[in-house]
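Working notes for the structure below.
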């Protein structure tokens, strides 16, 4: 049947208005731990914490949900951050020697969920300053900033430099006070001759203000000299002639003593006395066992916090806490960046009495409760290290039932056991103005160490709920003491006998004892509480939720996907050995059955239908169907092509050779050239190729759409199963519907199986003589076998009901949790390959409409999702939309089933391959993707559903209004573009009509208007369409005698 093009229609203002009410692109918040942190600060008055990163970002955190993000114009590392206490201002020092001033400013009121929110504030840069220096390398180095000190009055910033000079900057104007500048020469003139010795004092290492007398500061030089400088009188009041290289200084609260720490691991206590200009010896010197740095906070009787000797413990990242006889050395798994204590700031108190120690590490944030005996760690409500083990996959669940949520929370609390403490989170500044989420959302992440972590993704703060480990199902080399599910084995709870008393702290552990444990695919049914996780070594585990601890043996079933096919030998890794004895499983998800695929290749796709008790799984060798209720393997189908040699080597194989790869590459190139010549004689598309070649030679006319070249059937890994789908639809005929299984492969093959599920469908149990369901097995019969002519990998398969809507999830229709699907009108199947989207009618599998994305800039489809978009204007109006993410990082939105383009957004940088690969969509129009190994960027495509920080802070100064700007995201860094309504970009796409979905014109079977001016592209496309239609008809006639094989372009 020939197809003609529509005449291009004008835009419909009504439809454009509906699009604005449905679609809007925003990057809203970044979840997880900041990548490569480099600086830390704390405002004790506002109870806010700031973290700077090497990419130039500044993130301010308060109570859960209170977050502000700023980004410097230059991607330069932040080396220091200092708050102006109580003012909502902070200073940042960058690696390029510039100082920047940031302010929390008032934003414009926003409508959130129909409620107008006022008092929302955001973080904005208001000024910057760079110390002037004379031309020349030495002078520039001399003015390089080493340390900053903000006086308590917050109107003066003291700047120490490498050249030993101290400069003073007036705040908030950021103007230099030349009259106050203190150069090193002025200090050396006051030194005794025997101490001076012609040597430089070195860089300024520390600046500390006198705790009782404003206007006096301690200046510590690298050589060991400490000067008590009077700012008003501009003279050195006292000099402390230290001889050991200085690391840091800290005052005792009374101002009569201060402590200096040194590079030999010791610290000295110096007395500040009147009338004595020179002080040669400290009151005391101590080397407990050596500290890299000392951070003293006075409690009763004494608390001391520091590091470890570099010579003896240089390979460990430690922090020591000592109070009287209590002594513990915190041993971290990543480098310590900085730390601070949360303590009393009342001047009349005798002691600081710190309540918490906050340690910023390179890979996580650790908070120690200093008020609870034993100094336990506090669980973090945000900033949790998503990458404690590398993330390998993710899965999102919307509208989690309250019962499931409660059971997951209880299971997570049971995991913490004795680790669980009741101390409150110490960083609690600001107020969260965001409305309470209308529904609970779960984000599941699979990890390299075989764990699945459950996160509360309902709001701005991504909070850990529960962790599932699959390692105890197998015999591995994992140390049981590393499993936090057993608190008795946790080193945090054990009293160490060794000295120093090390205690392992933190959960960052990037090493996996066995890479085969890695989780590749996850599927969860929120109604039946069934979970399926699949791994790198072909393991597929079905788990059920239990509130009680259990000791049981996991059933094991082996499925051979090769089906004894000859000529294939697996050269990859071995399977994991399952435990042959009962194993203990804590409350939470517990394994019911283990399905082991052979060969043990990585699982590439899974599907779960809990209502039918069926799971399907696919690898690079084929796919299988398993009934986990009856523990019965229903189907095993091999999808290997005879030339799929790489599929037999596995991802962990070391037998691949460069010589073999080059040989295969040249063979493919040679074969493509030969096959190209043969197509001139044999294939019906030769006319199209000749026309394309002729048109390409015309320089004045550029083709709009590219021809999709057929891929060779013997490409390596063509048998990889990319997607699986269960559906209750029409496959046998147009009157009887029933369970079906669909599978798509890397070579453009689609397999559709009709399933006989006991108890599902009318009269099927009775036909078997009334046998009970337990004695009847599920059966699978091949119904259709479809081969896409361009052989592009099939990314997604979805079945649409008679109204063109996606079928509901299992249990939703039977339990009246969703609108029942339309079973009276004909169904259709939407097949998305990497190169095009196409809708076919069922059960005949005839093409209805298609859209070729590869025609535009050579993009390839990477992720596909069916999303419901609600309207901001009408509460009860929504549309089902197909969302496509391409390898260029842009989002394309299409209505279904007509596949008309709606809008396009630039979301992810095309160079960010890992970000594109990690993207996961929610059902309400949001999504997540990794912007670093430890951070998810959250975005929204919906104008109605938005999860972003909305917060306020009570400041000591009036807020100044400012134009609205992005809060909570790196929009400039990520290259975000505004969403634009997409014009019809292709003459080969489906007919473009800007009409509502419920319009009769939304149907794809329309009378086509063939009048109008024909361009060169239209002629080429017309030829392509004619040849494709003729080829399609020819194939259908040839295959009429073979009902299970259909060739589709």
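Even glycines carry a Cβ here, placed using N, Cα and C.
The stretch that TrEMBL tags with region 'Disordered', taken from the ranges 476-499, 500-523, 524-547, 548-571, is 476-499. Residue ranges 915-954, 955-994 are listed, and TrEMBL annotates 955-994 among them as region 'Disordered'. Per DSSP, the repeat 'WD' (71-104) is made up of 0 helix, 21 strand, 13 coil.
When pLDDT values are averaged over the repeat 'WD' (71-104), the model yields 94.
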